[in-house]
Amino acid sequence: MKDYLSTDQSLWTGRVSGKDLYLHETVRFVDLRDKDAYQTVGQTDFALLGYACDEGVRRNGGRTGAVEGPDHIRRQLAKLPNQLAEGYALFDGGTISCTDGNMERAQNQLADTVSGILGQGAIPVLIGGGHDIAYGHYHGIRQRTSPKQNIGILNFDAHFDLRPNEQGNNSGTPFYQLAREAQKEGLPFHYMCLGIRKDANDRALYENAREFGVSYLEAEQFQPRHFESVRRQLKSFMDKVDKLYVTIDLDGFSSAYAPGVSAASPMGFSPQLVLDCLREIVNSGKLISLDIAELNPAFDRDDQTAKLAASLIHYAITAISYSNQEL
Ligand SMILES: N=CN[C@@H](CCC(=O)O)C(=O)O
Ligand SMILES: [Mn+2]
Ligand SMILES: [Mn+2]
């Protein structure tokens with residue numbers, strides 16, 4: 001696989017307990033170029049997969065640097081305590097990189113790798129990279145699921161990312177591409193966005209959201225004080241689908257929490273609200289795959305955004321491991 005990088009294991013360091021108390025002490029490495037290696041990943045495992053690509057951000061006129069995102073998340077995740085339920089393990093499956101500007105090839109390789117992980121019954125946890133990660137990620141899920149299964153995409157984001165791709169694909173086009181493809185194939189498109197900023201999405205994007213039947217909550221509604229309503233709308237979306245793919249764009253968080261992104265949101269949402277939603281999502285038993293996009297370490301402060309990404313992953317995988325869901 002041309003764009004595959006195995007992980008630099010020196011990133012996985014931290015406090016040494018000698019008792020496997022920390023993720024750097026328990027993480028297992030797997031080279032996902034090797035088809036036999038997939039066999040080591042099983043139904044009670046999580047497989048991290050990096051997407052080192054900011055070509056989509058560059059094409060979208062954004063601030064590049066997200067290519068460095070995956071390793072910065074790994075470095076923070078390494079230091080966190082292993083709180084997974086008995087029998088669960090975290091694997092690091094390496095990174096799909098995009099060094100020559102061929103984002104589409106990287107997305108295809110990402111899709112194949114995600115499909116391989118899902119084929120083992122494990123949960124992919126993808127770390128970006130620009131939000132074009134979502135296009136490859138979703139295709140990997142579709143490769144493994146029957147067209148009859150309704151896959152819901154839940155996006156925590158300030159942006160719809162429904163920009164038309166007639167001039168080319170970029171970090172702002174993934175859900176437009178997927179919606180158009182679903183339309184052509186006569187398949188439903190189940191997409192919900194939480195945290196949409198009125199001051200960051202133009203009328204044409206709202207019109208696309210309407211055309212594609214997108215469910216969304218704007219930043220004003222996506223607030224802790226409205227949580228009962230958020231929960232109800234989230235549940236009604238989740239009830240309509242068989243499985244869920246969750247994608248978290250870090251630029252939806254307030255820049256007080258997540259300065260390390262291309263397009264920061266001064267009035268974005270809070271981590272606690274996302275955790276409250278993740279709890280509902282995990283409890284639905286439908287979550288099959290997860291990604292975190294848009295970390296740009298060049299604009300981070302004291303690794304705050306990388307730490308946030310790591311803590312979100314830690315929360316999600318720990319909660320899933322205790323949810324006893326059928327994987
Ligand atoms: N993935 C990001 N997409 C946003 C970026 C916005 C910006 O750069 O200001 C979008 O295209 O809307
Ligand atoms: Mn965004
Ligand atoms: Mn986005």
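Don't overthink the numbers, they just go from 1 along the chain as shown.
Keep in mind that glycine also has a Cβ here, set from the backbone N, Cα and C atoms.
Here the structure is a predicted model, which means the values were calculated and not measured.
Summarising the annotation, TrEMBL assigns Mn(2+) 1 binding site to His131, Asp157, His159, Asp161, Asp249, Asp251. Counting every protein chain shown, the number of other Cβ atoms lying within 10 Å of the Cβ of Asp251 (Mn(2+) 1 binding site) is 28. For the recorded site, Asp251 (Mn(2+) 1 binding site), the DSSP three-state label reads helix.
According to TrEMBL, the feature Mn(2+) 2 binding site maps to Asp157, His159, Asp249, Asp251.
Counting every protein chain shown, the Cβ of Asp161 (Mn(2+) 1 binding site) has 29 other Cβ atoms within 10 Å.
Here the binding-site residues are His131, His159, and the one with the most other Cβ atoms within 10 Å of its Cβ is His131. Within 10 Å of the C-beta of Asp249 (Mn(2+) 1 binding site) we count 29 further C-beta atoms, all protein chains included. Under 8 Å, Cβ to Cβ, and six or more positions away along its own chain, Asp157 (Mn(2+) 1 binding site) finds His131, Cys193, Leu194, Gly195, Ile196, Thr247, Ile248, Asp249, Asp251, Gly252.
Compute the center of the Cβ atoms of Asp157, His159, Asp249, Asp251, which mark the site for Mn(2+) 2; besides them, the chain residues with Cβ within 8 Å of that center are His131, Asn155, Phe156, Ala158, Asp161, Gly195, Leu250, Gly252, Ala263, Ser265, Ala293, Glu294.
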